[in-house]
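Below is one structure; the comments refer to it alone.
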Amino acid sequence: MITNWVVIDIYTIIILICLLWFSHKKEVMSSMRGKFLNILLEMTLFMLFSDILFRYSGSFSNSILIKIGNTFLNIGGPFLLILLYRYIDGWLTLDAARTRVWSSLILTIVLINITLVFTLDAANILYYSEIMIIIKAIFYGLFILYLIKYRSEIKKSYKNTLISSMFFPFIFTLIQLGVNNIQTEYIGLTLAYLILIINIQRKDMSEDALTGATNRRMLNIELEDRIELAKTGRPFSAFMIDIDYFKKINDTYGHDVGDKVLRDVSNILQSSFRKEDVVARYGGDEFCVLTDISDEEILNKIKDRINERVSHYNQTNPKSPQINLSIGFKIYDNKYLTSTNFIHAIDETMYRQKEKNHSFLKENASTILA
């Protein structure tokens, strides 16, 4: 007879198969982290198949076969945890010494876990040692602490997703203490994978990989949406922002420093606008910002605020290339008709500002690269 938990396992398997199919279709999974996540999905899927075959099936009268299958589950489970650790570690930028310490700790727990035994009752139903379940829960708890401790090493937009996803296997492993003969751990892992794939894919589709700002594709979508809303009486404005002498910064300091400047400018802009505003990398060293503020006086104050923060950045980072921005903005008017015309209009105001900046900075060009 098929039990309710077999049905749950089957549903979990279906979700895993869908996630595998989805992940293989997306470029985001072609990275090293993506490949590790694919291996985790495949390993969990195989473990669930084994769980159904060897632990729930009443058609096997040979307890030796069941014991062999469950031995594989007992050994394979800890290695699944090692893979999960490697995946998590791939999101961090830790030095080798710290990585070795954590790797040694986790490997020790895995080896202890493998030595712990399970028992089969007269009906060939598997019961795990409570100590083993507790150790697995501790393992997931360590993952959470590991991510929290080194959260500054994780890219900001992925931080909350990674930490929150690890709570699911932790909680579902604890649930297994109350239903010892049920493998709830894999349900928790599947929920974690679901959160990781959906959120990471969503962010990778909308974010610029280098700066963390909204990417050009999502900017175009947002701009078209706001133009449609403007036709119904909901005004908005847009800024175009360009980094002066960025090519000279790249040529003098190298592309790594240039990339850092792009990230720093992105951070300055995101801190200068509200959460609901769209700060996007338009291309190269240009950024575009969409806001529903349509008061010119307030827009000029925002422009001044950006320049003040750039000035503060230059003062607090004297050894870095000095940054100067050319900023233009326009309040949308239906006369522009298309998003392309509107962007061109903002570009014109930004380039007029750039000409003014360059005429002033030519005499002091050395300070830009000081």
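Keep in mind that glycine also has a Cβ here, set from the backbone N, Cα and C atoms.
What TrEMBL says about this one:
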- 6-24: transmembrane segment (TRANSMEM)
- 36-56: transmembrane segment (TRANSMEM)
- 68-88: transmembrane segment (TRANSMEM)
- 100-119: transmembrane segment (TRANSMEM)
- 125-148: transmembrane segment (TRANSMEM)
- 160-177: transmembrane segment (TRANSMEM)
- 183-200: transmembrane segment (TRANSMEM)
- 234-364: domain 'GGDEF' (DOMAIN)
Are there residues at least 6 beyond the ends of the transmembrane segment (6-24) whose Cβ is under 8 Å from a Cβ of it, and what are they?
34, 37-38, 41-42, 44-45, 48-49, 51-52, 56, 183, 186-187, 190, 193-194, 197, 201
Tertiary contacts of the transmembrane segment (183-200) (same chain, 6+ residues out, Cβ under 8 Å):
8-9, 12, 15-16, 19, 22-23, 28, 37, 40-41, 44, 47-48, 51, 55, 77, 80, 84, 136, 158, 161-162, 164-166, 168-173, 175-176
Can you count helix, strand and coil residues in the domain 'GGDEF' (234-364) using DSSP?
76 helix, 26 strand, 29 coil
